[in-house]
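Participant: Structure in structure tokens, see below.
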Amino acid sequence: MLLLGSFGGGAIRYRGGVLDALGLNFLAFGHAQGISNTVLWVGQLLLIGAWVHLGRRLFKKKVADDTADAADLGLVKRTLYAMVVPLIFAAPMMSRDVYSYLMQGAMLRDGFDPYTEGAAVNPGPMLLEVSHDWRNTTTPYGPLHLWIGDMITTVVGDNVTLGVVAYKILSIIGLAVTGWSIVRIAQHFGANPAIALWIGVANPVMIIHMIGGMHNESLMVGLVSVGLLLALKKRFVAGVALIAVAVSLKATAAIALPFVVWIGMHHFAGFLATKKGKDSPTLKQQVPAFFATGAAGVAVTGVVVSAITWASGASWGWISEISGNSKVINPLAFPSLVASVITMVAEVFVDDFDYNAVVNVVRSISMLIMLGGLVVCWWLFRQNERRAVTGTAAAYAVAFVFNSVTLPWYYASLISLLGTFKPPMWLIRFAAGASVFIALMFTGSGNHQLYNIVTVIIAAIIAWLATVVIFDDTDPATTATEKPSPHTVS
């Protein structure tokens, strides 16, 4: 249904495209577009329903016995394939960002600087598909993002359709790599890999926005996931290098690096303790191990990012653009939510209350909270490998809640890790409900419904019902991805 609805109700081309080539343009207008939107919406509900049913089956089996982990993992994988395969052939949906990616790559190809110039400086077929809001906006992404776009547009020229296909392939690779590594991280910590894959990769937010929307988070999250896995397997330099590659794609990946330093420190300190004939490291081993791994991490990151920046032909202007663009305002970002509530109350008393002034102040305060929260997370989750990965997820949560701009696909970095570290059941419940809610909040064309009260209420009810269906037999005090002990089985 998502596949069928995408060609009339998705983020389709303004000019040309598959419908135009087939003489089916009427599907994108009038009543036919309404039908396409309905089909797409039904597809969203069916995708969510399949995910909920799968979750219910997993958690019922988890409560009943612990004998079918391999079968459960196979079931999740087969369901994931069934979700992804139809979307391979679907049009872009829930976002027009893929057209901006192509445009930015074409700018680098044609000698423009996307860090100082907007897409409008390079007219052509790709510019026509870029959302009007972003035609005069610089890119917040790293040099690898531009390099990939440069290579794709060099190969496909100005053929937008082929460019979209190329990004679809990259998105699928990114999600596949994420799934591969998440299963192994969960196994490393003794967590249930089936549930980790269910909540972290088969999640409707991941499917809809990573494959349907083709966001560069898909590749970034894949690189970070493999980097974390390598670090856990005592391949610190390789792990940091891969995460550094992800940083050069999108700076958000850098949040994981300080926690990888903790992982590397524990490994190196353990090695130093073993050389001294001790079972566990002392502070004397931990302190030099910390500085050694920290210095190595900084050096490797600097070399990798510098090499990619140089090889891509892009400038260092991406450093100044890391903060992103402040045009996007929605309640997913805490400062926007607070400013909206303040304005709603204030307008009762002041007719011309200035929302922009309020949101600017709240964003500044929220940014300080975010920076403080990241430091606190880094320090609190330093004790061992598992705590470091948990801290990575916590830090991503802090960053996305308190950042000035937040969009659903940003949460891919957090969602992917949720099932790997044996989280408490309440966290999985909350994540499942929030995932269903967020998955329902965007239309196929890419417009959010977060200010549509009726839609928000309906989505909230559906999300609540989903959690009831999935977890009706589970104890909220238990650990979500840990296999139950034999004595707990009735």
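Each Cβ is built from the backbone N, Cα and C atoms, and glycine gets one as well.
Grabbed the feature section from Swiss-Prot, which reads as follows:
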TRANSMEM  34-54  transmembrane segment
TRANSMEM  73-93  transmembrane segment
TRANSMEM  163-183  transmembrane segment
TRANSMEM  194-214  transmembrane segment
TRANSMEM  226-246  transmembrane segment
TRANSMEM  253-273  transmembrane segment
TRANSMEM  290-310  transmembrane segment
TRANSMEM  329-349  transmembrane segment
TRANSMEM  361-381  transmembrane segment
TRANSMEM  398-418  transmembrane segment
TRANSMEM  424-444  transmembrane segment
TRANSMEM  451-471  transmembrane segment
Participant: Is it true that the transmembrane segment (398-418) and the transmembrane segment (194-214) have 3 or more CB pairs under 8 Å, sequence gap of 6 or more?
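Facilitator: These two stretches do touch.
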Participant: Out of 34-54, 73-93, 163-183, 253-273, 451-471, which stretch touches the transmembrane segment (361-381) the most, going by CB pairs under 8 Å?
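Facilitator: By the under-8 Å Cβ criterion, the transmembrane segment (361-381) pairs most with 253-273.
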Participant: Any chance you could find the range in 163-183, 226-246, 290-310 with the most Cβ pairs under 8 Å to the transmembrane segment (73-93)?
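Facilitator: Between the candidates 163-183, 226-246, 290-310, the best contact partner of the transmembrane segment (73-93) is 163-183.
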Participant: Check the transmembrane segment (34-54) against each of 163-183, 194-214, 226-246, 253-273, 329-349 and return whichever range has the most CB pairs under 8 Å.
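Facilitator: Counting Cβ pairs under 8 Å, the winner is 194-214.
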Participant: Below 8 angstroms Cβ to Cβ, which residues of this chain, lying six or more residues outside the transmembrane segment (194-214), approach it?
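Facilitator: For the transmembrane segment (194-214), the sequence-distant neighbours (Cβ-Cβ under 8 Å, at least 6 residues beyond its ends) are 2, 6, 10-11, 44, 47-48, 51, 54-55, 58-59, 62, 69, 72-73, 75-77, 79-80, 83-84, 87-88, 90, 92-95, 97-98, 101, 164, 167-168, 170-172, 174-175, 178-179, 182-183, 185-186, 221, 408-409, 411-412, 415-420, 428, 431-432, 435-436, 438-439, 442, 480-481.
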Participant: In the same chain, which residue numbers or ranges, 6 or more beyond the ends of the transmembrane segment (424-444), come under 8 angstroms Cβ to Cβ?
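Facilitator: Same-chain contacts beyond the flanks: 5-6, 9-11, 36-37, 40-41, 44, 47-48, 52, 55, 93-95, 195, 199, 203-205, 208, 332, 408, 411, 415, 418, 450, 455-456, 458-460, 462-464, 466-467, 470-471, 474-481.
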Participant: Look at every Cβ pair spanning the transmembrane segment (290-310) and the transmembrane segment (329-349), keep those 6 or more apart in sequence, and say whether at least 3 of them are under 8 Å.
Facilitator: no
Participant: If we skip the immediate neighbours and take only residues 6+ beyond the ends of the transmembrane segment (329-349), which ones have a Cβ under 8 Å from one of its Cβ atoms?
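Facilitator: Apart from its flanks, the transmembrane segment (329-349) reaches 355, 358-359, 362-363, 365-366, 400-408, 438, 448, 450-451.
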